[in-house]
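S.K.: Taken from TrEMBL, the feature compositional bias 'Polar residues' covers 77-87. Feature annotation from TrEMBL assigns compositional bias 'Acidic residues' to 156-174. The feature domain 'Cytoskeleton protein RodZ-like C-terminal' is assigned by TrEMBL to 215-276. According to TrEMBL, the region 'Disordered' annotation covers 75-99, 132-186. Sequence annotations record features per position, and here TrEMBL assigns transmembrane segment to 101-123.
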Amino acid sequence: MQIGEKLREARLEKGYSLDDVSQRTKIQIRHLKAIEENNFSMIPGNFYARVFIKEYANVVDLDFKALLDEHQHEIPSSEQQVDYTQLSRTRRKSTSSKPSPFATIMPTIIVFVLLFGVVFFIWRTSLNPNNSDPGITDQVDSDQSAGDKVSIPSNDSDDQSNQESDDTNDDTSENEPNKELDEEPELALISYENAESKYSYKSNEESIELIIESSTSNWLEVENDQGERLYYATLQSNASPITFDISTEDFIYLRFGNPQDIKIMINDIEVELSEEISPTAVQVLWLYLNEETE
């Protein structure tokens, strides 16, 4: 017996219609029919297929893990994405700015050119003492012939200017700001439809924490991108807030009731729920971390 037939048989034993299951799971009837027929190509994305099967199994009191082990060959792998919901990983990594090889050797070239110019200037002046620039002062001793002593002005000002230029180039190369490191975290609502929200969170922070707080008793499910349950129970007000480290996850799945009584935070940013949310409807929330939808 295929997994779809088992789910359908369990549903009929419970006396549930497809509409009853749809109301409890928020899964469209056409997707429920596709699951019962083992026609998973009708479901937008292999990961969604696994999530829908798990929700269906929970409603009809079947053990999802046992079903998964028994029908592993029937259920599509979550690693294979074939629809528009496929996500490409674009986690950005901050890289330190490095000066180019040309910028590294440029100060050395400038110093050699200046030294060559100074040596050439001294050599040229020693050959033509009478044609030296006005800045050259001839010091003639009364007891010696003219031209015995020639004083060449110091090039300290030129050397100092060149040194300042070198220092400026070094400071510019070493202190060039890394734009990626200065970017602020960004949390945005992508879409909301049929009690299902999708959010995108982009940040260069190494540590990302999910913090959930409820002012009343509230049913809460939290799963990572591998379908592993991080939380599956009623969250009591005296037990909140609860914190999860989601730094290494691609996305997080949440399901909860009483949205007006729950508060969800990503690091220091609060998730603002859609204004269209019904205060009593069970909600599904997808949080994509540093992901872009193709």
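In case you wondered, yes, glycine gets a Cβ from its N, Cα and C as well.
Unlike curated entries, TrEMBL annotations are predicted automatically.
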S.K.: Per DSSP, what is the helix/strand/coil residue tally across the domain 'Cytoskeleton protein RodZ-like C-terminal' (215-276)?
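M.R.: Going through the domain 'Cytoskeleton protein RodZ-like C-terminal' (215-276) residue by residue, I get 6 helix, 30 strand, 26 coil.
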S.K.: Can you give me the average pLDDT across the domain 'Cytoskeleton protein RodZ-like C-terminal' (215-276), rounded to a whole number?
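M.R.: 90, rounded to a whole number.
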